[in-house]
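Here is the structure we will look at.
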Amino acid sequence: RFIAKPCAINLGIQDSGPHRAQPNAILEKVFTSITKSPDGKRLEGLSKQLDWDVRKIQRWFRHRRNQDKPTTLTKFCESMWRFTFYLSIFFYGIRFLWTAPWFWDTRQCWYNYPFQPLTSRLYYYYILELAFYWSLMFSQFTDIKRKDFLIMFVHHLATIGLITFSYMNNMVRVGTLVLCLHDASDFLLEAAKLANYAKYQRLCDAFFMLFGVVFIVTRLGIYPFWILNTTLFESWELIGPYPSWWLFNGLLITLQILHIIWSYLIIRTAYKALVRGKVSKDDRSDVESSSEEEDVTSNNTKGVFSTSSNGSNRINGHVASGQWTEE
């Protein structure tokens with residue numbers, strides 16, 4: 001409110017919502033009481049009842065659905081908050097772990113386990129991360145619903161479970177490595193969103209490509225060969241198969257499966273960017289366009305942007321021109 005909003009206004013982002021649908025009591029009743037996306041049969045019935053063209057009724061429902069979506073300014077402020085948190089917590093984690101012996105030798109995570117001291121800096125690192133992921137868990141139900149809702153829900157559950165479980169079992173050393181590794185790419189994605197909302201397309205593309213490289217290197221390279229190696233093999237060798245070993249590694253492997261899915265989406269988006277010369281829309285999003293231009297040009301550009309029956313752009317990754325991360 002006091003920092004992000006003035007920044008957005010200075011960048012020329014207006015606090016104006018999408019085009020509002022013209023008042024119509026009959027369509028409003030259908031929208032609120034029956035369906036927000038009427039099928040062909042209902043559209044034909046409404047067309048005869050109102051003496052409107054079917055296309056005009058489809059446009060009305062699209063505008064009505066979109067007018068409840070948050071404005072670009074609201075999304076910019078949310079992304080700026082997340083960018084600030086991810087960047088701050090990442091540098092805090094790096095600064096803290098740089099002097100930690102287990103950062104350079106992962107076998108140190110298991111020496112003298114479970115009798116390892118919990119320092120105040122390590123404690124606050126854990127509490128901050130846990131509080132943030134709980135906030136993401138709750139806000140997911142009020143944010144715009146995206147195609148990866150279920151995957152993100154599982155991700156937040158697994159993350160919260162890992163943070164809580166590792167804290168209760170004093171596995172905080174390896175826990176800090178997992179947290180810091182995951183924070184390494186998140187702030188780059190939020191930076192790409194900020195650039196996109198401010199309509200700096202080249203900067204947006206650059207940040208997204210950098211995000212993709214860091215994400216794939218950390219999640220498909222460092223994570224399995226550094227984190228999973230120590231939790232699966234080094235821990236077994238040094239302290240043996242403790243009772244919670246299977247659950248702990250099961251949660252970590254669940255995260256790795258999600259990493260593979262997201263990496264596929266990122267690679268697909270990067271491929272589309274190379275083909276088209278710019279980054280497309282976020283493949284995780286499923287949001288409708290609210291612009292009047294789309295209504296006018298949809299027939300002329302059908303071969304460029306593949307749209308679904310409800311008008312949502314299907315050229316989506318963890319990114320269409322000017323608005324790849326509609327969240």
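Cβ atoms here come from the backbone N, Cα and C positions, even for glycine.
Where the annotation comes from TrEMBL, it is an automatic prediction and has not been curated.
As recorded in TrEMBL:
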type: DOMAIN; residues: 27-71; note: domain 'Homeobox'
type: DNA_BIND; residues: 29-72; note: DNA-binding region
type: DOMAIN; residues: 74-275; note: domain 'TLC'
type: TRANSMEM; residues: 83-103; note: transmembrane segment
type: TRANSMEM; residues: 123-142; note: transmembrane segment
type: TRANSMEM; residues: 207-226; note: transmembrane segment
type: TRANSMEM; residues: 246-267; note: transmembrane segment
type: REGION; residues: 283-327; note: region 'Disordered'
type: COMPBIAS; residues: 299-315; note: compositional bias 'Polar residues'
Give the nonlocal contacts of the transmembrane segment (207-226) in its own chain as ranges (CB under 8 Å, at least six residues past its ends). 106, 177-178, 181-182, 184-185, 188-189, 191-192, 195, 255-256, 259-260, 262-263, 266-267, 269-270, 273, 279, 318-319, 324
Please report, as numbers and ranges, the same-chain residues at least 6 past the borders of the transmembrane segment (123-142) whose CB is under 8 Å from any CB of it. 85, 89, 92-93, 96, 149, 152-153, 156-157, 159-160, 163-164, 167, 172, 175-176, 179
On the 0 to 100 scale, where does the mean pLDDT of the DNA-binding region (29-72) fall? 80
What does DSSP give as the helix, strand and coil breakdown of the DNA-binding region (29-72)? 30 helix, 0 strand, 14 coil
